[in-house]
Amino acid sequence: MSTPFGLDLGNNNSVLAVARNRGIDIVVNEVSNRSTPSVVGFGPKNRYLGETGKNKQTSNIKNTVANLKRIIGLDYHHPDFEQESKHFTSKLVELDDKKTGAEVRFAGEKHVFSATQLAAMFIDKVKDTVKQDTKANITDVCIAVPPWYTEEQRYNIADAARIAGLNPVRIVNDVTAAGVSYGIFKTDLPEGEEKPRIVAFVDIGHSSYTCSIMAFKKGQLKVLGTACDKHFGGRDFDLAITEHFADEFKTKYKIDIRENPKAYNRILTAAEKLKKVLSANTNAPFSVESVMNDVDVSSQLSREELEELVKPLLERVTEPVTKALAQAKLSAEEVDFVEIIGGTTRIPTLKQSISEAFGKPLSTTLNQDEAIAKGAAFICAIHSPTLRVRPFKFEDIHPYSVSYSWDKQVEDEDHMEVFPAGSSFPSTKLITLNRTGDFSMAASYTDITQLPPNTPEQIANWEITGVQLPEGQDSVPVKLKLRCDPSGLHTIEEAYTIEDIEVEEPIPLPEDAPEDAEQEFKKVTKTVKKDDLTIVAHTFGLDAKKLNELIEKENEMLAQDKLVAETEDRKNTLEEYIYTLRGKLEEEYAPFASDAEKTKLQGMLNKAEEWLYDEGFDSIKAKYIAKYEELASLGNIIRGRYLAKEEEKKQAIRSKQEASQMAAMAEKLAAQRKAEAEKKEEKKDTEGDVDMD
């Protein structure tokens, strides 16, 4: 049975949650952290994923890829590329499809991976984390992504999940997942005809900022308006601090960290920590040892200075709030509560700016780091056939308007807007077109100016075939079921021809009609389904052949990672055995080995140790196993003697304890019998006495 799994795919850290035991739990990783760094690194033999990748980032900086969600679907020539590239330490390259990939050195060779592949590697890692925690099969996942993600980016994430061996039951907007988390845990929401509770959610994470206005009633939520600033997040604060110190240290220490990626990354990491310290303190020291050229750097920063550094960012706080309220057709006064989520909302000056934008105090009833993952896990559980969850209905809204167009055959019109921006999804629309034969359709963004420059206008296209004209007709009506699915992806679910036929329907008899009254009929025209048509879709999703190729590649790398981990484990086991056995041979095992055995085994241990630190330092799993078994063949004999003697001692102790217990029981029994006998004698003496008075 699969455990429903929710993934908050963060730019800096990701959070995992599962639905189980009538609740939703956060999954901790291998080092017991409640979030996992969204990092993929590459080494001489294997990949470094999550915590390992983060730990090795400074020493493996050119072969470590972070900020994964920012290059998903990113065109190499997109205006955003220049802004994104400054956050990457690995080399970004243009792929054959004009998208952005990363070039790294892996297993001694140069490799280029697409953003989808990199995301798949990380998702595969967190899938294993959930599997280790739950001890269950993991197949279904709901992944939370930013609302500003385009159709292409959502397909890329879904494909990444499939490459990782998962079924993406839903790609959900992250702030909507937080809203679901709010709705399922709140017990005081209005019901029935009561006025809905209006809640604004402000989510500022590592790289982007979203404001969403939602209406809540018990068991349901409806998104009313959403707006984003995709270049406003915690990393921008970190970068501002880093650039400040880069200038200061250039003057103060005559070093330029901008020329040294490792040094720059160390200052950036320290800047992130400083930012967090300043959230609780008005001043904080800053220092990094041997940052470059053996130079130690130190300084300090005040909260006031930080606010001045990020002043251009703070001036943009109100814009998403204003836009979200406008789309929701509400004023700030009509908002009942303002919930803040995302790690960056802990910054005091940001809190103040958000509060001022709404003119009311902020609420923190949700866990700022975990609400999205928990909501995603609940949504995944809704799709599970094996779990029963409380009913909860939610509707999101289209961030961009989408129109459908078709070959012009009969109609004057050849396109129409089907899903306007701000309309709810999932949703289905039926349209009818008169067709003269097979035709094609396409879905496109209605107003490309709503999207970032260079975004592909067309979302998908379809070929509809199998149209048969009835004899004597020059066209046939075709009904199409257009769908925006729960993940926000646009499809044509069904296409079929229809025809009008005449049928006879009985005319209802009057209530006072006699029982033998003759039934009369009338002819009516009904529209009925005639022939199903074939739909061939061309979307941003990977075709089956390419998907299978990438699945195979991922499985090969996964097998290599596993082999390297097992080899390292065997190596460590051998090393530990050498030291442990050598120590025991001189102590507790000494009486149980002959001088010849000791000499032989000591020689074997010395030889194995020399091999381990020489040619065996980088050997294969089988050789480590063979060396271990060679030592154990003699070591286990001596150990067996020791254990046998220990067992004899234990048995002797047990026998002594048993004998002592038996003696004690016998003594106790004898005492009881003596007491009983004395009691009987005393009774007998009492009965023999005669009162002479």
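Quick reminder: no glycine exception, Cβ is built from N, Cα and C everywhere.
If you look up Swiss-Prot, you'll see 673-687 marked as compositional bias 'Basic and acidic residues'.
What Swiss-Prot records for Lys195 is ubiquitin cross-link. In the three-state DSSP classification, Lys195 (ubiquitin cross-link) falls within coil. A sphere of 10 angstroms centred on the C-beta of Lys195 (ubiquitin cross-link) encloses 9 other C-beta atoms.
All chains included, 18 other C-beta atoms sit within 10 angstroms of the C-beta of Ser2 (N-acetylserine). What Swiss-Prot records for Ser2 is N-acetylserine.
DSSP assigns Thr242 (phosphothreonine) to a helical segment in the three-state reduction. Marked as phosphothreonine by Swiss-Prot on the basis of a large-scale study or a structure entry: Thr242.
The phosphoserine annotation in Swiss-Prot covers Ser660. Neighbour density for Ser660 (phosphoserine): within 10 A of its CB lie 10 other CB atoms from the protein chains shown.
According to Swiss-Prot, the region 'Disordered' annotation covers 653-693.
For Thr242 (phosphothreonine), the nearest neighbour among the listed recorded positions (Ser2, Lys195, Ser660), judged by C-alpha distance, is Ser2. You'll find the Cα of Ser660 (phosphoserine) roughly 80 Å from the Cα of Lys195 (ubiquitin cross-link). All protein chains included, Thr242 (phosphothreonine) registers 23 other Cβ atoms within 10 Å of its own Cβ.
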